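Per Swiss-Prot, these features apply:
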type	residues	note
BINDING	289-296, 692-699	ATP binding site
DOMAIN	85-229	domain 'Clp R'
REGION	89-154	region 'Repeat 1'
REGION	166-229	region 'Repeat 2'
REGION	244-492	region 'I'
REGION	618-809	region 'II'
TRANSIT	1-76	transit peptide
Amino acid sequence: MAAAPPLAAGLRPAMAAAQAPVVAAAWGVGARRGAALSSSARCRALRLSRGGGGGRDGWVPPPVVGRMPPRTLSVRCAASNGRITQQEFTEMAWQSIVSSPEVAKESKHQIVETEHLMKSLLEQRNGLARRIFSKAGVDNTRLLDATEKFIQRQPKVLGEDPGSMLGRDLEALIQRARDFKKEYGDSFVSVEHLVLGFAEDKRFGRQLFKDFQITVQSLKTAIESIRGKQNVIDQDPEGKYEALDKYGKDLTAMARQGKLDPVIGRDDEIRRCIQILSRRTKNNPVLIGEPGVGKTAIAEGLAQRIVQGDVPQALTNRRLIALDMGALIAGAKYRGEFEDRLKAVLKEVTDSDGQTILFIDEIHTVVGAGATNGAMDAGNLLKPMLGRGELRCIGATTLDEYRKYIEKDPALERRFQQVYVDQPSVEDTISILRGLRERYELHHGVRISDSALVAAALLSDRYISGRFLPDKAIDLVDESAAKLKMEITSKPTALDEIDRAVIKLEMERLSLTNDTDKASRDRLSRIEAELSLLKEKQKDLTEQWEREKSVMTKIQSIKEEIDRVNVEIQQAEREYDLNRAAELKYGSLNALQRQLQTTEKELDEYQSSGKSMLREEVTQDDIAEIVSRWTGIPVSKLKQSDREKLLYLEEELHKRVVGQDPAVKAVSEAIQRSRAGLSDPNRPIASFMFMGPTGVGKTELAKALAAFMFNTEEAVVRIDMSEYMEKHSVSRLIGAPPGYVGYEEGGQLTEAVRRRPYSIILFDEIEKAHGDVFNVFLQILDDGRVTDSQGRKVSFTNSIIIMTSNVGSQFILNMDEEGGSTDSAYENIKKRVMDAARSVFRPEFMNRIDEYIVFKPLEREQINSIVKLQLARVQKRIADRKIKLEVSPGAVEFLGSLGYDPNYGARPVKRVIQQYVENELAKGILRGDFKDEDSILVDTQVTVPSNGQLPQQKLVFHKMSEESAPAAAEDEKFLPAV
């Protein structure tokens, strides 16, 4: 038997090695941070087996004659490069190395090789390797698939601990990565060094790069574009690469792609920004204005001008990057991590040699950002660069936040130059809306009429307070278009009703199918005939709806194509590719526009025929409806002409307010003057003082006015001035001052008007309030606004202010002694009442009220009318039980005589009806005398006492039969309560 050939020098069989301490410990993801990778990192493993199972790394001994084939032997040797430790790698590179054994284990491989490292690198989320390959023009998904296919082709090991040994090729790759680290002058081995190491990997990397046409030069170019001029000086450099791309948004790139909305107007503000940016130092404008006036739009307008070349030489071909402070702060777990990110951003900006301009929206968030546990905040990091002119930065913030944050830091404030952005006028807003119309039409797939744009600007300015143009007008147009789009895509009402009817008849037909009687068969035949008609109509309507929808969809797709062609034309003109621009403009664009005109004409003809089920144009009625939903104003008030509605105001008020003709007339005329546009738009709609004795209808007139103007009595904000008798109680109206309890809650008056700006404000018993309370009313009545305790301006320009007072009521009650109720007597009494008011209220307060209205005391006949009104309310309360109340004229007269008291007005009537009518009705219902759907007659009855006293009159309640009820209602003797 021949002797076995000797093993290669320096190698020991695994059986012999088993006698010595094992040095190849398993290593994997669970390796301790900071510790050596494992002892096996100092060794490389060779698998010796017959048949070439070890691949390139295996050494196959020659066959031995007359002996059994040798078993597979694991042979180890010491690596010459020492230990692999975490300290020499960046965190991302170390993570990929540590997770490689796990990849090998999943694939049932004992030796960790370069292909496992490649898969680990490509599977890192937001990993640097993926970014490098993407920059080099390689599809990462295809690269990962090729790697996995190579791994699957490798032989698998069963029964042993897989993934426990470091392969020779992987060790060589790590050594090459160390060499690239020295070449780049870095302090740590990073992911890019590992990626470059694959280029010389004979096992796997070289062939992979050849298949995907990846060269070392293309990789180095990609790495340089990502790294810039940075060196790896810490263990997290990957987070600082492309910091601007990661934490910012390139507005100039978006402008080139046509993704920014057009900016209309604002030329002065943009020119001022350009002027400040062109300075040598402190070249940092900050845009200050109210929220919604268009500060961010100015930065976008500047980006568009840079792209178009409409800027001075100092700003030509510059990049405008919008910094995302949220992304910058998010995920910064460790102390100093946020500062590292911000420094990386600032370094990229300064390294660009003025080619990059930073835009920080909501710049007040920079002050104090990241300043936790003694760390330096972002504002202090910006200051040196801002002052020296190394960093050009545009900021944007609101007036309040600028004062609260920026002005508190004078060193930061002086580095910024203020550019105030005012709210545009209504005319400018209409121009802005016209410029944006095409974008919103394209997005929603509807048309927006010019009248809708004008209505959006006018109605938002008039009715939506607390927000600013053009933002609130744009929101109106956007929401109206979205509502119309939703209606187009939803099933039309006519079709939906037919669908429901078909389902109902189908269910009825199924239930009648098994019935054999003649009536059921007749009903079944009628249902089938009706179903056939309905289904035919359903089919026609569905086809019509689908046809209209398809035409609208086609129009939208043509518009999108036109928009894309326009962007391409602009890009071609910027690149001076005039042939391409002319070809697009006079070829593709013309063809698309002709196609659009033809399709729109087809749709218009169809809609004008009256058969259309869909509406595809936003009108001013749609805008008005959205305004009503935002503010609570009834939509009919805006859509219906005020002239038509207000002409009947006096008649409507008289349905609820009995008598008081001068008061009702004065209120109606004041409202008509206001709505006709003859009153001051900077003052309340109207302000009245109702003076008169108690119970004559002062508060009722206010409620009736609210029900007519706003369709609900809830629109009355009632404030009882007897609660404001102390001097300090004025703070309850407009809010407590800072430092006092209730400061955050706001005032009772100001909060009510802010929540519901269109209401009637009723100050009841005004003379009972403290004199200092009237000082608040001066600016409300004169300027239509008041500033609350938190500095917010509350507008009263759309409110009706009514004050009631009992001053001089003694003169009104003595009116009969003065000569009855003639006009001359009324004027005389009114003069006396006004004199009494002047003795109570100060002249500057009285001079601001639009009209003083003196209420007359109620007469006996008017009390009867009030009795009928109160009985109608009783009938309303029992209407849900379907009980009808019939009241005779005698009963009305009886109740009126009991409720008449000149000193107390109409209030006793309510008590009388409660005592004589409601109580008796309640007892009758509880006894069972009156049941649901009964008709009850209320009449009077005279009783003669037997003791010789005078006859007495009382109310009696009779249950009427079904036959007598209609006759009694028609008889003149009886009056229905309603």
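Using the three backbone atoms N, Cα and C, a Cβ is placed for every residue, glycine included.
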What does the DSSP secondary structure composition of the region 'Repeat 1' (89-154) look like, as residue counts for helix, strand and coil? 47 helix, 3 strand, 16 coil
Name the residues of the same chain, 6+ apart in sequence, whose Cβ is under 8 Å from the Cβ of G289 (ATP binding site)? K295, T398, L399, Y420, V421, D422, Q423
Can you tell me how many other Cβ atoms are located within 10 Å of the Cβ belonging to V293 (ATP binding site)? 22
For the binding-site residues P291, G692, the largest set of other C-beta atoms within 10 Å encircles the C-beta of G692
Pick out which of the binding-site residues K295, K698 has the most other Cβ atoms within 10 Å of its own Cβ. K698
Compile a sequence-ordered list of residues in the same chain as V696 (ATP binding site), six or more apart from it, whose Cβ lies below 8 A from its Cβ; state 'none' when nothing qualifies. Q660, F855, K856, P857, L858, G905, A906
I'd like to know the mean pLDDT over the domain 'Clp R' (85-229). 84
For the region 'Repeat 2' (166-229), what are the DSSP-based totals of helix, strand and coil residues? 46 helix, 2 strand, 16 coil
